[in-house]
């Protein structure tokens, strides 16, 4: 959908081969935007408004970048980030050959790569930073939309560079991208802070600090041509040449029993355990009755994985997993960005990077910097090494195309690197296009009902007001007669649910100093009963807040019935009393 919209605006300028969508992989984002059935389950289906919001936001970002495009220079730097990640499956990592492990000082990739961008006059424009870590400082009890630790790092960097601007505004863009984060997570699912917000802040601050250091010392300039290459591949049937005499194949998608066990930053339910190489007769029996038994061919292909869900053989109401997958590389001078469609583990990523670099080396492009951009274009869960796969912890059980998935990807990406190096991109077959299912909306989420205000109240009225005075580090809270926030999300392309405003004596007017994207504000909706809901807005007053008079405003839409069969959304707003922030 992004590409369709770009084509209608820009023709052939932005294409399948030169547009990469790479998820930062926060676990606290809106769901319901993916066409494959398995990914609908947690979001209770496909939500068209959720999909539209994400598509429109991405396209708007590209529009803004396009309108502000100018000639410039690129600089690269790299460095080690300490005390920010651990390997959550060390037992799997130890299954890799000792000789290979001995080449590395850690069981996680600690290197951060930073790409700095300035215009011809040296004016700072932004950067992209790649670092392998799961953004799960916000744990699975969180219900706030949140960009997690890498989002906080971005927030800090942009706040510094776009001084006085609200989040997402201003010319400087600080992008913190994912890499081979499959088995790399923050130091603890619970910690290192007092709560998950504090943990997010602490880890985000570490990532920001390292990125800033690398950014300020990025002096190695990247020069040379730009090229990009993309191919679709049917990952269910790739023949992999292991050596001159031996070939193996990938499999139809399937998830193992350990997938249901979850991992330490999100434990599964029931009695599933990690490292399971045998099925469970009870759960296998239920699966066979409800979803159907996996074929003997799929069972044999995935060994030693005991299959819990044979998703490649499940097609109702649409296929449960993708068969056709994107592989893609963008080369900018001496930098190769390898766009991978999933979560590569630490060692898988190392093997892929080495293989791509060797391919460039052997075809006349030495000294290429190879970075892995994670979770690109389509999601295919995890990619472990063959040795890690034998252990069948969570990541291996979620390696959906079988034990030779990594070998297949290495073979495919070597082919892309070779085509770039030898200037034969035009000769590479495009591959089979994936199906696009005509899904307008398929959801078990109840439709939005009519909103109602309590007797003698109207939408936006204050139910519980602020105090007259607060100090820095205190929490300002106000509760309003609310309405379902989906009304706003589904009817307005861009909507801000709240503002914190400061009174400026000089201009005798109110000025917005925080909004719903600010780190220090929180918006809670309580559904209530019979359409009567409430909204509570909190402002956690940060250090450095200027003393003065402030107020909090709430912006929403309520759903009103205009006839038996028709409803409409009506905008409204609410406002707290004025309060004072003091330093005493």
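Including glycine, each Cβ sits where the backbone N, Cα and C put it.
Listed in TrEMBL for this protein:
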- 1-411: domain 'Neutral/alkaline non-lysosomal ceramidase N-terminal' (DOMAIN)
- 25, 134, 343, 382: Zn(2+) binding site (BINDING)
- 414-581: domain 'Neutral/alkaline non-lysosomal ceramidase C-terminal' (DOMAIN)
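Where TrEMBL records a feature, it is marked here on the structure.
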residue : record              : Cβ within 10 Å
25      : Zn(2+) binding site : 19
134     : Zn(2+) binding site : 25
343     : Zn(2+) binding site : 29
382     : Zn(2+) binding site : 24
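Compute the center of the Cβ atoms of 25, 134, 343, 382, which mark the site for Zn(2+); besides them, the chain residues with Cβ within 8 Å of that center are 178, 181, 182, 342, 374, 375.
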